[in-house]
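> Take this structure first; my questions come after.
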């Protein structure tokens, strides 16, 4: 048996590390187009439902229906949206982000067009409620998930821009719809709204798989074990490195720099210096090697008979639910707090204007309170993620996330006891800051703590749990208002929900402490 020389062994170890090197997200390049497309979907897709209140007076007149009958339309849509989110996320195991976004956008457009020409309220329930809700579930979350795959170092900035787009959409779309209603009526406005929703098709066409654009690190810092000269006996010679990996000048020496083309091929190697062991690694061969595009992780569905090929494939059960998530303390805390936080957000937007009207504030100024809330929400979605990146070595993102619930709780208490417009506006702005802070970093902490592989499933299940809280919470707040005859009690209860969200995050450090104690034992 031939004895392998030290030089050959070092060469083999180096080439093994070279092959096993993992690619990283591009943090730019095509990722900026992904960010623009995701911002478009967040700006226009969910806004078709969240701004439904603009249609209520005109739909009441068109169908001669009560407010409660009309309110079932957004209720059905939001329920379908949230309940079908886990299924839409599970479909990523079979289909690409692009295909699911386009499919969801087409469903949404069809639902809006049918609703525009509907002659009965039941048809609107099915079109605007079921079809539109299902379309939003498929179209809205793909961009959010794909941005996490394209950005790593700049993930905070990317999430801030994308989620700020959602807030801007909620400010712009109602204004456009109000103008359209005055000019074209309900049917014409729904048709124009379907045109706005078509932007999701354009955005989806830009969604390329992240594995097409992964890059490899531009610099290799070679471990010192590869720098021993072949044939030496391990002693230091001429200021070089010994076999133990101890050097006379630096702990690690940068000996190789390289650049990669889009396919990841090595195109430049230099600074080889006088280290003879490295010169034996056949650099020319390394230059010719092309980095393969990582394979897709999607499941290949089993073959079907020809006459059944037109039917869609459904994701397997393990792609919809993973019991490991239920055991994950972070996931449980994030899901529960997010659900209660979004429920309170929905109620704040619903109750602030009528509460202001009861205080004698004009309808215009009452509506302006929501604009102030949305404006501060937008600013916070941009600022808080970037700020959390700069101070993450001093204050963790989870701590910032938890404190924002406390900020919102204080704001709700302030709104409950406000006696004039200035005080009410001030606490609405404070609430907007807390809400924007939570929304801006929620996806970042989920990606960092759960990983990109579990993120789609976790995000989908989180939205599904939101639907349960909506069903129970919205009627409860309405009942409190009817029993007490006061909006103050409603905001006090909502402040209690937010304080609960803040307190449960104290479980996380307690869980970590218990794990450390078990590890020491």
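Note that Cβ sites are derived from N, Cα and C of the backbone, with glycine treated the same way.
According to TrEMBL, the record shows the following:
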REGION    1-23  region 'Disordered'
TRANSMEM  30-56  transmembrane segment
DOMAIN    34-513  domain 'Major facilitator superfamily (MFS) profile'
TRANSMEM  100-118  transmembrane segment
TRANSMEM  124-147  transmembrane segment
TRANSMEM  159-182  transmembrane segment
TRANSMEM  188-207  transmembrane segment
TRANSMEM  400-418  transmembrane segment
TRANSMEM  424-446  transmembrane segment
TRANSMEM  458-480  transmembrane segment
TRANSMEM  486-508  transmembrane segment
> May I ask which of the stretches 30-56, 124-147, 400-418, 424-446 has the most CB pairs under 8 A with the transmembrane segment (486-508)?
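Looking only at 30-56, 124-147, 400-418, 424-446, the most contacts with the transmembrane segment (486-508) come from 400-418.
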> So what's near the transmembrane segment (30-56) in sequence-distant terms, Cβ-Cβ under 8 Å and 6+ beyond its ends?
67, 70-71, 73-74, 77-78, 81, 101, 104-105, 108, 112, 132-133, 136, 139-140, 142-144, 146-147, 150-151, 158, 161-166, 168-170, 172-174, 177-178, 181, 186, 189-190, 193, 196-197, 199-200, 202-204, 206-208, 212-213
> When you scan the chain for residues with a C-beta under 8 Å from the transmembrane segment (159-182), skipping those not six or more beyond its ends, what do you find?
35, 38-40, 42-44, 46-48, 50-51, 53-55, 58, 143-144, 147-148, 151, 188-189, 192-193, 196, 371, 374-375, 377-378, 381-386, 436, 439-441, 443-444
> Below 8 angstroms Cβ to Cβ, which residues of this chain, lying six or more residues outside the transmembrane segment (400-418), approach it?
337, 341, 344, 348, 352, 355, 359, 384, 388, 424, 426-428, 430-431, 433-435, 437-438, 441-442, 445, 487-488, 491-492, 494-496, 498-499, 501-502, 505
> Report the mean pLDDT of the predicted model across the domain 'Major facilitator superfamily (MFS) profile' (34-513), rounded to a whole number.
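That stretch averages a pLDDT of 77.
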